[in-house]
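First the structure, in the form of structure tokens, and then the observations on it.
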Amino acid sequence: MSREKEPEKGKRKGSGRDYTKVVCSFCGRSSDEVSNMVAGPDAFICDRCIMSSVEILRKEISAIKQPSKEDGDSFQPRLISPKNIMESLGQYVVGQERARKSLAVAVYNHYRRIESQEWVRDAEDDVVIEKSNILLIGPTGTGKTLLAQTLANLLDVPFTIVDATSLTEAGYVGDDVETILTRLLQASDFNLERAERGIIYVDEIDKIARKSANVSITRDVSGEGVQQALLKILEGAVVGVPPRGGRKHPEQQLINVNTRNILFICGGAFEGLSKLIGRRVAKASMGFGSKVKAQQAEADPEILQKVTQDDLHEYGLIPEFIGRLPVISTLDPLDAKALRNILVEPKNALVKQYQKLFEMDGCELVFDEDALDKVVEIALDRGTGARALRSVLENIMIDIMFELPSMTGVTKCRITLGTINGDGLPEFSFEDSDTKKTA
């Protein structure tokens, strides 16, 4: 039985190259001086040169590489300057300059913080920037939700809205706080990298305020209990989330979501907060006039701007919860002028939306100025801010939009004051006709 001939010492089988006397093509060290030597077609490189090359490349890449969505392992939101963020918000939200500026700075710093975590490698030189969640305080219909929604669209990050009134402590009827993260995952198509850079807007946050200043023997599962449950999520923690929502149960596969870089924006009307602030402001004036001054302070439309963390604590938010919402911004009530501007000025103004719908049917929609003023007057009386504008217009336009698709030759529809008051019909113009007809 013949045996295969062993290669000569120092030579690889099937090769005439001698590997006992090789040297590194970069540093000149021989194979005896290093641990490993990698051979190429016409060159050699030792393990020391490989390690040096890796270190050089790592430093160069960390210095010049910018994060982008194309990076498979590093999704980064679109970073925009605070000034541009504020201007972009102003295209959709009328007024509220102070709130827009505060949001712009807070959001910019938040995503700058994420960027610094990704690219700063030297822990000794790294200053840890703490997370800054946001609390929006303002009457209903002033644009809190719209501000958060517009921010998410502007930055191209996943966004979800959660109603705080549906949340309860674990083990009670209602939604666990983890369902917040489930909805964000769903909004990101279960892309975990995107979800962990998203924005969550928690609406009606004032409704989970402690029901009483005194500790009760009965558990407040939808108030203080929810605040306690939200603490770790707001601050930043790895949370196991059921992918399809619902309650956790044994043997269920969970998705671990790190909330460290998720921006939480909490909003609420905080009815009655102005009275607390007014009483505090009036305490500085003791005597017979203190009660009058308290009433005057409560009536001040800018009283919410004087809110402090102590006021929020007295309202019913626990100190730990307040501490995790360091950026507090207030929104002003909407007056008639602001409502009038909301109707026509923003990119997605209500009047523009209805005009677009009519344009799809080949009809131009026109509102008389006094008709718009009347819409504002009715909405102002309802006291629900900008939400009332849509309700008023929808009631007026529903019959017109029902009939329009069945009408032929209509080129223009004019809404008059009489149409708004209900004692007149809209005026229609038709093709090849100078006459105007009412519906």
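Note that Cβ sites are derived from N, Cα and C of the backbone, with glycine treated the same way.
Across the domain 'ClpX-type ZB' (12-65), the prediction's mean pLDDT works out to 77. The feature domain 'ClpX-type ZB' is assigned by Swiss-Prot to 12-65.
Per Swiss-Prot, Zn(2+) binding site is recorded for Cys24, Cys27, Cys46, Cys49, and the stated evidence type is sequence analysis. Spatially close to Cys27 (Zn(2+) binding site) yet at least six residues away along the chain are Cys46, Arg48, Cys49, judged by Cβ distances under 8 angstroms.
If you look up Swiss-Prot, you'll see Pro139, Thr140, Gly141, Thr142, Gly143, Lys144, Thr145, Leu146 marked as ATP binding site. In the three-state DSSP scheme, Pro139 (ATP binding site) is classed as coil. Within 10 Å of the C-beta of Pro139 (ATP binding site) there are 20 other C-beta atoms, taking all protein chains into account.
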Report summary line: Taking the centre of the Cβ atoms of Cys24, Cys27, Cys46, Cys49 as the Zn(2+) site, the remaining residues of that chain with Cβ inside 8 Å are Ser25, Phe26, Gly28, Arg29, Val34, Met37, Phe44, Ile45, Asp47, Arg48, Ile50
**Report entry** Cα distance (Å, whole number) from Cys24 (Zn(2+) binding site) to Thr142 (ATP binding site)
**Finding:** 71
Query raised in the report: Other than its own, how many Cβ atoms are within 10 Å of the Cβ belonging to Cys46 (Zn(2+) binding site)?
Result: 24
Query raised in the report: How many Å lie between the Cα of Thr140 (ATP binding site) and the Cα of Cys24 (Zn(2+) binding site)?
Result: 73
Query raised in the report: Taking DSSP three-state, what's Thr145 (ATP binding site) in: helix, strand or coil?
Result: helix
Requested in this report: Look at each of the binding-site residues, Gly141, Gly143, and point out the one with the fewest other Cβ atoms around it within 10 Å.
Outcome: Gly141
Report summary line: Rounded Cα distance in angstrom between Leu146 (ATP binding site) and Cys24 (Zn(2+) binding site) is 64
